[in-house]
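Lifted from TrEMBL, the feature list:
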type	residues	note
DOMAIN	B:25-135	domain 'PurM-like N-terminal'
BINDING	B:Asp27, B:Ser42, B:Asp72	Mg(2+) 4 binding site
BINDING	B:Asp27, B:Asp72, B:Asp208	Mg(2+) 3 binding site
BINDING	B:Asp44, B:Asp72	Mg(2+) 2 binding site
BINDING	B:Asp44, B:Asp119	Mg(2+) 1 binding site
BINDING	B:His51, B:Asp259, B:Trp315	substrate binding site
BINDING	B:Gly118, B:Asp119, B:Arg143, B:Ser210	ATP binding site
DOMAIN	B:147-301	domain 'PurM-like C-terminal'
BINDING	B:Asp211	Mg(2+) 5 binding site
Protein chains: 2
Amino acid sequence: MEFTLIDRIRERTAQGRDDVRLGIGDDAALLAVPAGQELAVSIDTLVEGVHFPIGTAAADIGWKSLAVNLSDLAAMGATPAWALLALTLPSADPAFIDGFATGFAQLAQSYRLALVGGDTTRGAFTVSVAVHGFVPPGKALTRAGAQAGDAILVTGTLGDAAAGLRLVQSGNSGIDLRSALLLERLNRPTPRVAAGLALRGHASACIDVSDGLLADLGHLCAASHVGAEIEAPLLPRSSALLDLFDEAASRDFALSGGDDYELCFTLPVQHVAAVQADLARIGCGATKIGRVVEGSGVSVRDADGRWLEPVHRGWDHFGA
Amino acid sequence: MEFTLIDRIRERTAQGRDDVRLGIGDDAALLAVPAGQELAVSIDTLVEGVHFPIGTAAADIGWKSLAVNLSDLAAMGATPAWALLALTLPSADPAFIDGFATGFAQLAQSYRLALVGGDTTRGAFTVSVAVHGFVPPGKALTRAGAQAGDAILVTGTLGDAAAGLRLVQSGNSGIDLRSALLLERLNRPTPRVAAGLALRGHASACIDVSDGLLADLGHLCAASHVGAEIEAPLLPRSSALLDLFDEAASRDFALSGGDDYELCFTLPVQHVAAVQADLARIGCGATKIGRVVEGSGVSVRDADGRWLEPVHRGWDHFGA
């Protein structure tokens, strides 16, 4: 069983990376980090009914389990290299395994990522992925480093995944184009790896938006010992989101919805235009949404200049 | 919730390793592999009722989840350095978390191992650990490399953990010393890290005995394109095992029981005595149990020279 799944992914991602000295099949893999590079490492778990709705397609689960981890590497400005996969399943369902392997491998191939270790066990459905990437010493983006006066930007649009989850919960299977776009954002998030690399040497701090803008920007502020002021009218929202949800709902999704996997980053205001141009050249929009201030915490102002009290402050996957 | 568990382990294992450039708390850890070293990486999952009996103490689960992974590094001859932990729990039980952290940290401290990443989620109980170790290029032990004529050895004693599991299943809680020893072997396996390091440059092939001798030696033979002949009377068995179980049961545990986490290795016969002396100096017994032969598969001979048909060929944690 173990070798079926792992082999299916490996055979779809076989890439002859020089830095994989010994791949899957022994007690451990043997890997060589390139000279002059440090290793960025992260692990994340997806649980059915918590990180994706029950009934999510196997290929989407495979894709997303890797995507959320690659998003962590993106937030550090690291180049993805290797992954480990620990999959626990109630039964060895060949169709599920084939779908999972397909989705995982599709995303892995985009980055020449090698699967270098795996373990499959029988039990309640859980998937943990660990990813490894490279970054030159001292060049990684971190959550610390934001300075009062810096601009705050986000890539792409916010709130789409949370809106997609709302559609699933209300029984909308995404048959029209706008619904399908939101569901795609929920089920097939695109890690902002190229944007993270482009931000090296420019962003003063960076985090990925996995638990919602307010929660994640709050983490960035805490690590940087600063506060943040967000202008709600500047929040980038997709036309699909704005078409299907009213202003209050779409704003709440954009502020507090999780699972977007965009990057939120800070940089000196005089560099904003140049960095936006750099990101545009790699097909990634980036929008200025506010500024870093002295103090602590994240404040949000509406179009009339009134301070808002957000409904949620982000998703906590472990509950209260 | 996430930070409680991870912080509890971290504060019990804080070690100021120079190679951890940025530890837990950002989107990824930043790590520096020492110059002239390759990275050995492995991941393993433990599921309640599969890899440990329901009712196992939290501290034992914490210990074992790390031990089974360190055993993989031991089998490669790698020096442990860093670990990642993904823990899924049905509820945030403080007593469980405290116990788990205690057991995990106790073993981690023995190796100056740093926890560099973690994720805790709510769901059915599952724990996945990934470990990273260092090994000089070309010096790792692998499953391939056994040659016909080599001797086959194992460290320590075999079958104790399987016997301990039988005791648990029959309601024996280990109140006498011999039962307690067997339960300790089941719940607190000692990865043979020092032995793995001592075998570098000597063993022609090596594997850890996690699924039972016959199964794991079978993997070693397959990777080396050889066969193996085992002499059943030579199998090292503890006095606790021999006192509490009859000859047939103890032999079956030693041949097919899982979870011992001893090392099984091969080397040229003329080096056996010297390697046994090396291992004895670090407090690790090693017993010659058979020889590598041309062909394939593992055969077992009893004291009368008859070939045995083993009852089991090892544990498959994913079932059939």
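For all residues, glycine too, the Cβ spot is worked out from N, Cα and C.
For the pair formed by the residue listed as 'Mg(2+) 5 binding site' and B:His51 (substrate binding site), distance between Cα atoms is given as 11 Å, rounded to the nearest Å. Regional average pLDDT for the domain 'PurM-like C-terminal' (B:147-301) in the model is 95. B:Asp27 (Mg(2+) 4 binding site) falls outside any helix or strand according to DSSP and counts as coil. Proximity to chain A (CB-CB distance below 8 Å) holds for B:Asp72 among the binding-site residues B:Asp72, B:Ser210, B:Asp211, B:Asp259.
Cβ neighbour count for B:Asp44 (Mg(2+) 2 binding site): 26 (other Cβ atoms within 10 Å of its Cβ, all protein chains included).
Under DSSP, B:Asp72 (Mg(2+) 4 binding site) is assigned to a helix (H, G or I) in the three-state scheme.
Secondary structure at B:Gly118 (ATP binding site), as computed by DSSP, is strand. The subset of binding-site residues (B:Asp44, B:His51, B:Asp119, B:Asp208, B:Ser210, B:Asp259) lying with their Cα within 10 Å of the Cα of B:Asp72 (Mg(2+) 4 binding site) consists of B:Asp44, B:Asp208, B:Ser210, given in sequence order.
Max Cα-Cα distance over the annotated ATP binders (B:Gly118, B:Asp119, B:Arg143, B:Ser210) is 32 Å. Counting in whole angstrom, B:Asp27 (Mg(2+) 4 binding site) lies 11 from B:Gly118 (ATP binding site) by their C-alpha atoms. Cα of B:Asp44 (Mg(2+) 2 binding site) to Cα of B:His51 (substrate binding site): a span of 11 Å.
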